[in-house]
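J.: I am attaching a structure below and will ask some questions about it afterwards.
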Amino acid sequence: MKITGSNLSIYDVADVCMKRATVELDPSQLERVAVAHERTQAWGEAQHPIYGVNTGFGELVPVMIPRQHKRELQENLIRSHAAGGGEPFADDVVRAIMLARLNCLMKGYSGASVETVKLLAEFINRGIHPVIPQQGSLGASGDLSPLSHIALALIGEGTVSFKGQVRKTGDVLREEGLKPLELGFKGGLTLINGTSAMTGAACVALGRAYHLFRLALLATADFVQCLGGSTGPFEERGHLPKNHSGQVIVAREIRKLLAGSQLTSDHQDLMKEMVARSGVGNDVVDTGVYLQDAYTLRAVPQILGPVLDTLDFARKLIEEELNSTNDNPLIFDVPEQTFHGANFHGQYVAMACDYLNIAVTEIGVLAERQLNRLVDPNINGKLPPFLASAHSGLLCGFEGGQYLATSIASENLDLAAPSSIKSLPSNGSNQDVVSMGTTSARKSLRLCENVGTIVSTLIAACNQAGHILGNERFSPPIRELHGELSRSVPLYQDDSPIFELFQTVRAFVGGDGFRAHLVTHLDLAATTASS
């Protein structure tokens, strides 16, 4: 994958993170990087006042630093700001963070050295992953703390995850024949003053969110058939006047997934049955025919449509940030001068992740309510209470499974609260309004994990209902899904420890084979979600 600074998508990030794709640096952009670096070093030697080149940092900006302290200044910055806490990011997220930082530096406005970008690329290609604690970023001035842990590794200090082991960075670099960086003017600040931690984490979360969206479409088509729902609410003619592309797409995809089902009902048939039962006389007659289903069956395009459109909006903001210069100060060729500003501020990513978190939470809200309708004996049609295959009462069936989904759905309501408006001042009130973007991105990752559990629990319940109703009556895509899943998840009929069943289904829906199943049966070409 060629890194130019301008053309990465969240799916490129996924290739580097999950498929361990390697990167190469665009030669023309390397020339630009070299020019900006040379200019930065020349200005530093000439003692031109430039923030972070020959001044203190943050509120200490009035302090001029003589050029003989250039390396000490940058190393002090990195060591003092490698102050993260909590559990470390997973290796795939670390790869995304490094890729985001590399792409930013390759734009050539930061003053980074060619050696810096080459070593960062080597870390990605060789699978050398700095250990980055998740806590510690305010999201402005960028992600100082998490990125300092990357910078620490690049100068040969700290620890890295390498080939499944956490080791001292210096030992790994010696084994791999790599030389630690020697930092010149702005060499440390260039690495840490930006939004790359929140952006990398957001890219990973957004990719997972799109998978959850597709999963929710499939689960809904399964759920509608389990309860004999009507296909009428998914007819295209009813959605075009609403004017929202996401809603039209969701209705279209569910129509396709329902085609060929023997379990769904047709609206015209429902009307005929209602007339037949009422006798069309003068008496008030309760026909027992529901022309309209409950919202979990009927309003899915109006619920998941906004989710898709919100994900697409968040993707626009996150990918623009991914391909941006989010550093300070910036180094320009023409005219030869610097720009002192605040491109490190993470408000775009913070707000994008807040929107993303609401959208992902809504997927979970819908799935949990669908699960409730599927197991509730008062509203689940002819299915047994809590999907117990026999002897309901003696057997509990999916009673405990609902508790899992409902408890997580409640937890998600707290996680979905916005972080981007929860600013607290710091750094001697220099950083007096911050984005908390990394906090929001971390919540995005957690929400995707949580909602994945809810949706996979719903799919497990639908699979159980499929065993009860007869899989041969479902539409071909769902019949295929049940067939694949049933190889490892048979009819649940003995109240064995149900968490094992849920773990099996969770692993199944997150696997490559299931992702291929989604691609086969879902055509999202009309939206950026399909890229």
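Using the three backbone atoms N, Cα and C, a Cβ is placed for every residue, glycine included.
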J.: What does Swiss-Prot list, out of His69, His81, His391, as binding the same substrate as Asn193, Arg298?
T.: His81
J.: In Å, rounded, how far does the Cα of Ser141 (2,3-didehydroalanine (Ser)) sit from the Cα of Asn193 (substrate binding site)?
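T.: Distance (Cα to Cα, whole Å): 6 Å.
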J.: List the Cα distance (Å, whole number) between Arg298 (substrate binding site) and Tyr51 (active site, proton donor/acceptor).
T.: 58
J.: Tell me the Cα distance separating Tyr51 (active site, proton donor/acceptor) from His81 (substrate binding site), rounded to the nearest angstrom.
T.: 17
J.: What whole-number Å value do you get for the CA-CA distance of Tyr51 (active site, proton donor/acceptor) and Asn193 (substrate binding site)?
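T.: Their Cα atoms are separated by 12 Å.
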